[in-house]
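Novice: According to TrEMBL, the protein has these features:
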DOMAIN    33-155  domain 'Thioredoxin'
DISULFID  74-77  disulfide bond
DOMAIN    367-496  domain 'Thioredoxin'
DISULFID  418-421  disulfide bond
REGION    493-517  region 'Disordered'
């Protein structure tokens, strides 16, 4: 990879005049020392390479700076890299004052800690050289989406289109764009358009009063058009033009009727306003793929803005974790599932396995009417579930064991792939061994990737919860030290030492369940 360096252009000649007087430093030597005293900022493919030693200098030199905190081994970071570099090059070619930078968070751990980096990639926008409260990047991972988001953050929310060429360029350069046609820029409708534009970061808004632009797009009166490079190509706003109505219009039309889950689309899917998602798991290579996709898309049209329709290629290796999350195997696809991503994630499974527009529409209608019961996964109860010191719980035997009024039950909710869970395993086994002969204490574990229960929502792994004896069905979170001694004191104190009421648990652990990577 080709590298070059840039030094801050300010300051080189500004100090040359001080080389006179009794400090007889030769002119060229002094200038060399001035430049050398500044930490040079390396670049890789137009992206600044930042470290703790040059971070503050970069902020001072570049008032609008987007910084990616990455890990060299991270698959998402590797997928982002070419688009991130492309965006950096686009901005540099325009002579923009916006620059893109990156920090290897595995090497620059102090910077990562300072800015609260808890996953990769984490992307933050620093404006005006300020280190405090940088803005989290929240748009897509394509170069044009990165550039569009940055321009909305640094420039006017609404650009002015003087003619047809500018309008055509806006539409051609962006996956989605919104144009307001207003003869009077001070009208109430135009002002509502401006307010809506200020509320959306990742879509460019423009306004025009030019007759030729009106004519080109066959607009006869003031209106708002959304242009997109998919589905029907354009949508016309209809109704009372208020900020709220316009935002709802954009939200309903900015994504394809059916969006494929990929590295690039994940931020749009999880970061959008629509938190109810229906997923179709289907091999893209299947002979009836297009037939099923057409049925799925037909059903999607009736739920725009309410339910996001997502297609997942069940044969892609990177998607296997998602199948596992829904308790599916490749052999069980095609399949349909629905999930809500509100405060508590809830999954739903249709009664019928048929993938037709009619069956999917019926399923979604029952969901919107609140008539569906959550689908809770469970493995079968192992024959030897209580043979070992650490008892094995599944969905089907959980309540019977955990809420036994005569037992104090301490449960680890784990994921087989979780690194922290693997580290905890030998300690948990020792804890089980210590209390295996106890009359009222049970140490247990449950694989939460394959089992779900209504009473406990697991957000991170491992999650440790204590179910004290009694009829109240109490749940206490364990927040103490993850040591044999810490666990023992907690159990001996009846869940008081190291415990907290359920709901106060810390999710700062290995894997949030909605980060399915």
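From the backbone N, Cα and C atoms, a Cβ is placed for every residue, glycine too.
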Novice: Within the domain 'Thioredoxin' (367-496), what mean pLDDT does the predicted structure show?
Specialist: 93
Novice: Let's check the environment of residue 421 (disulfide bond): how many other CB atoms sit within 10 Å of its CB?
Specialist: 23
Novice: Tell me the Cβ contacts of residue 74 (disulfide bond) under 8 Å, same chain only and six or more apart in sequence, or just say none.
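Specialist: Looking at Cβ-Cβ distances below 8 Å from residue 74 (disulfide bond), excluding near sequence neighbours, one finds 120, 121.
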Novice: Counting other CB atoms within 10 A of each CB, which of the disulfide-bonded residues 77, 418 comes out lowest?
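Specialist: Checked 77, 418; of these disulfide-bonded residues, fewest Cβ neighbours within 10 Å: 418.
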Novice: Using DSSP, how many residues of the domain 'Thioredoxin' (367-496) fall into helix, strand and coil, respectively?
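Specialist: Once the DSSP states are binned, the domain 'Thioredoxin' (367-496) shows 32 helix, 28 strand, 70 coil.
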Novice: Which numbers of helix, strand and coil residues does DSSP report for the domain 'Thioredoxin' (33-155)?
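Specialist: Once the DSSP states are binned, the domain 'Thioredoxin' (33-155) shows 48 helix, 29 strand, 46 coil.
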Novice: How big is the gap, in Å, between the Cα of residue 418 (disulfide bond) and that of residue 77 (disulfide bond), rounded to a whole number?
Specialist: 20
